Amino acid sequence: MRDFLYQTYDMVLERLKYAEAKNTIIVTLLGALVIGGFRIYNETPYRPDIATFYFWNFILFAVLAITVSLSSFMPNIKLQYLYKGKEPADSDSLIYYEHISKYDVDTYLTAINRRYFDSEATPGNLDFDVAAQIIINSRSAYRKYSISYYAIVFSIFAILTPIIGIIYFFLSSRVHLTNEDGKTKVQYGKIKFIEDIKELTIKSKRKLQNPISKKRTQNTQHLEQSKNKFFTSGIPKTKGQPSDPSASSVSANLEKQPADVLPEIPLTGPNASSAEEFSNTAAPSQSWPSDPESYGYVDESSGKTESDSEADSEREIVKTEPPLVPTHVSDDMDDEK
């Protein structure tokens, strides 16, 4: 009997591990889908109302499935608090975890002794402990499998919700119901799927361009205000510089005079007189003659001025001078000879 109990214990333990792995896969898969769904939802510029409705339905069922799956990991190892199935029956399998969960320790050992050993085996204390552990693992596995069943149902609803939304969006642009003469019939309309996609694209572009155009308008208005403020208030005064009453007059002259005429800006400040004297001495008011004879002597025969003839003589001197030969080169040549 003890060997039979050990074998049954190993089989039930394997089923328990499989149930935990199944719930782990459900939590991981749905968690990734929820994160990806939120990312796509935030990056989509235009979302129809029907798409938003189906998206939140997907999130609802996915969160329910994750919550149910996580509840299966709550430890509960006390025998009296674990779920007990239906009443045992003679047709139950004594090695299947769901059927074992119906029994308690005494009835389970009695059923094993009667079916497999013709009531001839005498169970010991170790047999009672092993049987108790088998029953605890069987009830835990049964609870985890029951929870994973409902988690899978919610997962199917969560995955099918976007698919149902796509089917609805596809059919709503092609098929509609009409009621004529008290009868309801299905009428096939024009194919508007491509037109709907174009409309969604145009709306998304408008939504993306609106903030940019609004910001551009604000920048233009700010530039115009700064320009008007500069020409109305004059040249801005720096920190620590005394105020100049002639600044407003300068800006007024800039606006009145044409663009090709430079205004005469009056000199102000403590060094105004010295600057004016320097300008009078450095740049006297005289007109330069346009006659080339005033700049130098002009040769009537050649038509060249004195400066031109001097330049030509310098060129001739450069041409007639022999090239310079280094002395060390000639010495080397003599040595070779």
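Counting starts with 1 at the first residue shown.
From the backbone N, Cα and C atoms, a Cβ is placed for every residue, glycine too.
Marked as domain 'Pycsar effector protein' by TrEMBL: 5-169.
The feature transmembrane segment is assigned by TrEMBL to 21-41 (among others). Sequence-distant contacts of the transmembrane segment (21-41) (same chain, at least 6 residues past either end, Cβ-Cβ under 8 Å): 47, 55, 58-59, 62-63, 65-66, 69-70, 72-73, 144-145, 147-148, 151-152, 155, 158-159.
The annotation transmembrane segment is assigned in TrEMBL to 53-74 (among others).
For 147-171 (among others), the entry in TrEMBL reads transmembrane segment.
Here TrEMBL flags 208-217 as compositional bias 'Basic residues'.
TrEMBL lists 208-337 with the feature region 'Disordered'.
Sequence annotations record features per position, and here TrEMBL assigns compositional bias 'Polar residues' to 218-231 (among others).
Annotated compositional bias 'Polar residues' per TrEMBL: 240-254 (among others), in sequence order.
Marked as compositional bias 'Polar residues' by TrEMBL: 270-289 (among others).
Residues annotated as compositional bias 'Basic and acidic residues' in TrEMBL: 301-319.
Same-chain residues lying 6 or more positions outside the transmembrane segment (53-74) and placing a CB less than 8 Å from one of its CB atoms are 19-20, 23-24, 26-27, 30-31, 33-34, 37-38, 41, 47, 143-144, 147-148, 150-152, 154-155, 157-159, 161-162, 164-165.
The average pLDDT computed for the domain 'Pycsar effector protein' (5-169) is 83.
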